[in-house]
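Chemist: There's a structure below that I have some questions on.
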Amino acid sequence: MGACISKNSSARVSRSSALSASKQTVAASAPPGAAGDETSATGAAEEASRNSLARVDGTRASAAELERAPDGVCPDREEPGTANAEQGGVTEKKDTRETLAGMNSPKTLEAEAQEDDPKREAPNQDVPSEAPEGPKEKPGGDRKPAQKAILKQDDSHTEEEKLNAHLAYREKTPADFALIQDSLKANLVCSSLNEGEIDALAVAMQFFTFKKGDVVTKQGEPGSYFFIIHSGTFDVLVNDKRVNAMDKGKAFGEIALIHNTERSATVVASSTEGALWGVQRHTFRETLKQLSSRNFAENRQFLASVKFFEMLTEAQKNVITNALVVENFKPGQPIVKEGDAGDVLYILKSGKAKVSIGGREIRMLRKGDYFGERALLYKEPRSATITAEEFTVCVSIGRELLDRVLGNLQHVLFRNIMVEALQQSKVYELFQGDQLSKLIEAAVVKDYGADYVILDKENKTKGIRFFFVLEGELSVYAYTQNPATKEEERKLAATLKRGQAFGEEYVLNPTRPFNHYVKSVGPCKLALFTSSVLTATLGGEDIDETLDFNNKRAIIRKMYIFRYLSDHQMTMLIKAFKTVRYMSGEYIIKEGERGTRFFIIKAGEVAILKNNKRLRTLGRHDYFGERALLYDKPRTASVCANSAGVDLWVVDKSVFNEIIKGPMLAHLEERIRMQDTKVEFQDLQVVRVVGRGTFGTVKLVRHVPTDIRYALKCVSRRSVIALSQQQHIRLEREIMAENDHPFIIRLVRTFRDKEFLYFLTELVTGGELYDAIRKLGLLARSQAQFYLASIVLAIEYLHERNIAYRDLKPENILLDSQGYVKLIDFGCAKKMQGRAYTLVGTPHYMAPEVILGKGYTLTADTWAFGVCLYEFMCGPLPFGNDAEDQLEIFRDILTGKLVFPHYVTDQDAINLMKRLLCRLPEVRIGCSINGYKDIKEHAFFGDFDWDKLAGRGLPPPLAPKGETYAEDTEQSSFELDEDDTIVLEDEYDWDKDF
């Protein structure tokens, strides 16, 4: 509950029933109380190859790496294996999750993203001689009580104040820069940085001097500095016992660069004199943020200058910008060579390059110039050699990577042209999005030479009814009759260029003969809609019937009562409507009578009357009587025809109940009942406490007038202020108030008083998904499909509104009384505007780009899908499951190998996990321009019915028996002393919206 700030979400019980692991939720604002890393020098990070990290924001895998990567595989991954030694030798993994104390060292893992075909034969891989044995049976076990972290204010400034006494001025020499740069490059957190970023951080390093016995860091105190030893020796003490000694070039404290945590050891100067280079976390992350933001903005601007991409949408341009790779070229180094195969587009970011053909210089390229655009479309050899004249920096993207993040570029460009033309059409603007997509996909693309007669009225056999100009220019002539000669003549009606379309009149009148003459001016490319394509897409030749259907659907989708029906339920309901006509003055419904029908006005006007007094009028596409479908109650008003004739679409309650029934009907009744109830704080009666958290308690309350039960989250204003979480709480309320999805907890309203803020939400009684998967053991494919698909739909809803959830894990998902999921706890959520840089979430579920600090987008949530699916089907967590501290968790996420237990043999599931747990966010499945469509259409979901899930037509894996709530035996994890004098009234009215 509340913002994600260093709460210890739970002590997790392994599904092998005996072992647990602590998982903490982290944010920059407060210390999570996790172990530090003073005992690990930089050498520990040297094991990780720099090239194995996700390169973010223009500093990713080199072009060569991208070229070598097989289709569908993250460039920094090895080729995927299969589920056991006999099938290819993927290392097995134990199903264990131990506490932070006394764990084994983490295994080396490597995240992989496989090709679309998971059943393809993989190359052999080395198999450990003693592969760890997985569990013989499906694990299970009871959950241990959650362990709450002790929260306190962010006092990391204490270390900074102490270090100020040792701060000294030193102008860095070339040797100093070399020492710092080498150490930073070997550091885990910095290993993904480019040369410019390393240089900027080296400049930001401060110089500190110490004498023998001086304390640099103290065990148990919050730390915010990362250090590199310049000279002297320093001892490492744990519990006042010397465990290590460090000298020149060694580094320590790298976890402090990621987030605010307590030091795990004391470091003391042991030589007569010693000196350190140090950088504070805020300086480090702010430097990366500024460099990353500037780099993205520059690359985006360069991309905008490429006319080749001008027909792309802003979202598509952003996707390409994220995928751009930075390449450096020395003077005289060829960038491309004449005659070589070309498949990369280059944009000069700085420097200049010479273009030559056959050894003869043609021209000079400078900043902002680009070349190789045809290489993205056609497999043509390079027509010229381009050589760097001076040190030159380029950003580039290859055809293979572009296909993965955007799709076939030519197809995308043509699709954009068609979408824009259809959106401007008065005919097609009434079509549904899925209908337009089907039309576009079914379009036939053809090339025509110059002066070619494409269509003539006699060419009826072609069946062409509508076309777009994708490239080139053509003329359209209309046939008219000469009054004098009575002969037909052709008269120029229009000249069409790229992006323009023709044929609306033939779409509206499918049987009307084509009566135009169409001829190309020069070579051109057209996209054609034939009569058969239109018929197949519209479901028949009657376009009026299709538009009628679309109108009903658009109206019904806006109504709360019908908003989340499945497509099948929606279609059945619309087909059940009948048209009824009423004459002026005729009563349609009467006040006080039992309602059994729902009406939508097709044409005309009706008057709403109460006690024979007119309240208002309703017109075309307005509706009334919808609650009669759910409730057997008297009509509260009369409705009569107010125009000469009123045509209504009508559906009866009996028909509705045949279409909408069972869990969906019960869900609708509950949601409508909750929406109708006006709740006042004084009408709430506390029944019991159902949970406790960082900022207070969650209580089960009863609304006395209606007997409806709710959950009331009581947030201590004192705690919020003490932890500087005012903005987080405001944002949490704002996001929750906007959410309206069946798989997301519903906020009813908020209250406040002097001591507390209150969130009144629907009551969710089925317990946590975390507990459910422990009861079920390892999930079968159908069970994992159900839960992952439900989570995907909830997060997709948020992402459509540009909201990043940022703390996705089974503990933050509850089950309702039917066993369907409810996403809760929006304390970490953020409305995204550009990129985010804050380290927030639960370490085991964090995406690599969140840890690295160079900016992330909505893609971070998609990584968590992979972690959850792995947990569902494999048992342990994919990364850091056996880690001793958070630094090891982060190291495993950034550099570890993804391996699967021998008992996981579902190749579709393995493939999806690999593609979700891809360290390159732009290549991660679900993160390309296709979005969640790629996830939904993955082979793992090939036999899954998404529509039935939305309509509550699938049986949940676990049907709750009775009511289950979080244990309420623990005390609040944040307690202020009685004499605490925190002022409750802030300088600004931060809680005014409650």
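Positions of Cβ are set from backbone N, Cα and C atoms, glycine also.
Feature table excerpt (Swiss-Prot):
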REGION    1-162  region 'Disordered'
LIPID     GLY2  N-myristoyl glycine
REGION    189-305  region 'cNMP-binding domain 1'
BINDING   GLY253, GLU254, ALA256, ARG263, SER264  3',5'-cyclic GMP 1 binding site
REGION    308-407  region 'cNMP-binding domain 2'
REGION    463-539  region 'cNMP-binding domain 3'
REGION    561-660  region 'cNMP-binding domain 4'
ACT_SITE  ASP807  active site, proton acceptor
REGION    954-976  region 'Disordered'
COMPBIAS  965-976  compositional bias 'Acidic residues'
Chemist: For ARG263 (3',5'-cyclic GMP 1 binding site) and the residue listed as 'active site, proton acceptor', determine the Cα separation and express it in whole Å.
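Modeler: On Cα coordinates alone, these residues lie 25 Å apart.
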Chemist: Summarise the region 'cNMP-binding domain 2' (308-407) by DSSP state, stating how many residues are helix, strand and coil.
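Modeler: Its residues divide into 23 helix, 41 strand, 36 coil.
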Chemist: Please report the three-state DSSP label of GLU254 (3',5'-cyclic GMP 1 binding site).
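Modeler: Note: GLU254 (3',5'-cyclic GMP 1 binding site) is coil by DSSP, not helix or strand.
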Chemist: State the Cα to Cα distance, in Å, between SER264 (3',5'-cyclic GMP 1 binding site) and ASP807 (active site, proton acceptor), rounded to an integer.
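Modeler: Between the Cα atoms of SER264 (3',5'-cyclic GMP 1 binding site) and ASP807 (active site, proton acceptor), the distance comes to 26 Å.
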Chemist: Would you kindly give the Cα-Cα distance separating ASP807 (active site, proton acceptor) and GLY253 (3',5'-cyclic GMP 1 binding site), rounded to the nearest Å?
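Modeler: Checking the Cα atoms of GLY253 (3',5'-cyclic GMP 1 binding site) and ASP807 (active site, proton acceptor) gives a distance of 25 Å.
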Chemist: By a simple count, how many Cβ atoms lie within 10 Å of the Cβ of ARG263 (3',5'-cyclic GMP 1 binding site), its own Cβ left out?
Modeler: 24
Chemist: I'd like to know the mean pLDDT over the region 'cNMP-binding domain 2' (308-407).
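Modeler: 87, rounded to a whole number.
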Chemist: To the nearest whole angstrom, state the Cα distance for the pair ALA256 (3',5'-cyclic GMP 1 binding site) and the residue listed as 'active site, proton acceptor'.
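Modeler: A Cα-Cα distance of 21 Å.
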Chemist: Could you put numbers on the helix, strand and coil content of the region 'cNMP-binding domain 1' (189-305), residue by residue per DSSP?
Modeler: 38 helix, 45 strand, 34 coil
Chemist: Indicate the candidate from ALA256, SER264, ASP807 with the smallest number of other Cβ atoms within 10 Å of its Cβ, considering only these recorded positions.
Modeler: SER264
Chemist: Would you list the DSSP helix, strand and coil counts for the residues of the region 'cNMP-binding domain 3' (463-539)?
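Modeler: Looking at the region 'cNMP-binding domain 3' (463-539) with DSSP, the answer is 13 helix, 41 strand, 23 coil.
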Chemist: In DSSP terms, helix, strand or coil for the residue listed as 'active site, proton acceptor'?
Modeler: coil
